[in-house]
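Student: Handing you this structure, nothing more for now.
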Amino acid sequence: KYSSLARLFSPNRTMETQPRSERMKTVVSALCKIPLLFLLLYFFVCSLDVLSSAFQLSGGRVAGDIFQENAILSNPVAGLVVGILVTVLVQSSSTSTSIIVSLVSSGLLDVQSAIPIIMGSNIGTSVTNTIVALMQAGEREEFERAFAGATVHDCFNWLSVLVLLPLEAVSGLLRQLSQAVVYTLQLSTGEEAPELLKVLTEPLTKMVIQLDRSVITAIATGDQSVRNKSLVKQWCQSTTVEVLIPKMSHINVKLLHALPTCRHLFVDCSLSDLAIGLILLACSLLVLCSCLILLVKLLNSLLKGQVASAINKVINTDFPYPFTWLAGYLAVLMGAGMTFLVQSSSVFTSAITPLIGIGVISIERAYPLTLGSNLGTTTTATLAALASPGDKLAAATQVALCHFFFNLLGILLWYPIPATRLPIRMACALGNCTARYRWFAVLYLLLCFLLLPSLVFALSMAGWKVMTGIGVPVVMVIISVATVNMLQARRPHCLPLRLRNWDFLPVWMTSLQPLDNLITRVTLWCRQGRASPTWPERVSNEVP
């Protein structure tokens, strides 16, 4: 009796112990929230599309100019960095991959030089869900889980590149695999990949902005006629009508209709592409943040109590022994299928990031879903390549297959054996660090996707001797520190007494706390400076 009274007056009482009116009210409230959830998800996906267009307007010409330097792209490391920077600039791996396919098809770039750029585009596309994870910085525990779930994609891509890029440079493994597949299969031009998600989002996004993405490709291929052309589409596709003259039946006269003006907000706008891109960037980020905050609150209200535990059990539960390994591979297939449907790995990984933050999806289950998403986006790229014209079919398909084999080999490296699932441990360490020092998330984004690639690109421009002279010692130091850390954790008796811990090093080399203290002091100083009265106010306060 006492326990039943405790359950009755408990704040977390179940649906069975609630009165019927309250249960009906709870059910009606949940049913009303579900359409709102889909509406917010729709605007969230549309804002991601507009965000990609904004980045292309702001940095598309720069991306085209970078691709035009074909002598630089022959360096594998420089090609990798170019792929990262260009994909971060345009926020779309499909755009950067289409530029690569056009360069290879036109003969301006060979497949061997295109492979490192594809690897870089794989890294650059993972920046979107990392930005989305920043929106959950308000709650420390949610932020830790969301940032770990987002950066597991980054860690997988970086580790795959560190292994496969040198292997490709030495043996040409990806190039030979893709070439063998192209020669073996009897390829014919196929249909374009299905765009199920764009059918839903384009009616809204086309009212906001429409871009002529072929301009970026033309700039990359060296077409000077489009140098001053705007990326904002002014004239939409026209139609032609064939008229057959009765007395001259062997002559067809084509009458071209007047080009209809596109209907979006920036038609006949006098602003530059950069100004329009910055406006769209600010607006899309505002909508993205608002939708994400509301989505998290709505999911928290819907997925709580028994509902959250039930979903958690369904998604995160493994099969009974000896089939425990099967659940992870089913998650890989699920991630690939969902990405194939929505035609974007960024959309899929960004959509599951809030679910990881609120604890519905564990990091162990999010990892195979992300790997499957990587495979899914390469499948759609392969189908798009199969829709290329006959003279470009072989090169386009080979580039797309290189992307597919890169992700497949990465999965074989970092998933089948549990001991090799390093991205999970690395992502959890990054999540713990950002939970303690929230500014570290912004530093991570700037360092991994902007500063470090720019530095490597500058070294590659200086020549291979300079890059080797600086890069080899840095890599050796990183390998040595990682080895010592591993021995400290597992076999400290194998190390000299001095190396069994890092206490002999300065504090700033082993902890972020000194930097955190500095940032805290600067922040407090800025707040005090804003809050302090001005000179006339101080004088007026002193005069009686």
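Cβ coordinates are placed from backbone N, Cα and C, and glycine is handled just like the others.
Pasting the relevant annotations from TrEMBL:
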- 30-51: transmembrane segment (TRANSMEM)
- 71-90: transmembrane segment (TRANSMEM)
- 274-299: transmembrane segment (TRANSMEM)
- 319-340: transmembrane segment (TRANSMEM)
- 347-367: transmembrane segment (TRANSMEM)
- 393-417: transmembrane segment (TRANSMEM)
- 437-460: transmembrane segment (TRANSMEM)
- 466-487: transmembrane segment (TRANSMEM)
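Could you place these features in context, so I can see how deep they sit and what lies close by?
Tutor: Panel annotation: around the transmembrane segment (30-51), residues 91, 128, 197, 200-201, 204-205, 208-209, 280-281, 283-285, 287-288, 291-292, 294-295, 298-299, 301-302, 342, 344, 346-347, 350-351 of the same chain, lying at least six beyond its termini, place a Cβ under 8 Å from a Cβ of the stretch.
Residues 52, 55-56, 58-60, 62-63, 96, 99, 109, 113-125, 127, 161, 165, 168-169, 216, 449-450, 453-454, 456-457, 460-461, 464, 467, 471 of the same chain sit 6 or more residues outside the transmembrane segment (71-90) yet have a Cβ under 8 Å from a Cβ within it.
Within the same chain, residues 348, 365, 368-373, 375-377, 379-380, 411, 415 sit at least 6 positions outside the transmembrane segment (319-340) and bring their C-beta atoms closer than 8 Å to a C-beta of that stretch.
If one looks beyond the transmembrane segment (347-367) by at least 6 residues along the same chain, the residues whose Cβ comes under 8 Å of a Cβ in the stretch are 41, 44-45, 48, 126, 128-129, 132-133, 136, 139, 142-143, 145-146, 148-150, 152-153, 156, 197, 292, 295-296, 299-300, 303, 308, 311-312, 315-316, 328, 331, 335, 338-339, 373, 376, 415, 421, 423-424, 427-428, 431.
Sequence-distant neighbours of the transmembrane segment (393-417) (same chain, 6+ residues past either end, Cβ-Cβ under 8 Å): 97, 100-101, 104-105, 111, 114-115, 118-119, 122, 156-157, 159-160, 163-164, 173-175, 177-179, 181-182, 187-189, 328, 332, 367-368, 371, 374-375, 378-379, 381-382, 384-386, 423.
Within its own chain, the transmembrane segment (466-487) is flanked in space by residues 77, 456, 459-460, 494-495, 499, which lie at least six positions past its ends and keep a Cβ under 8 Å from the stretch.
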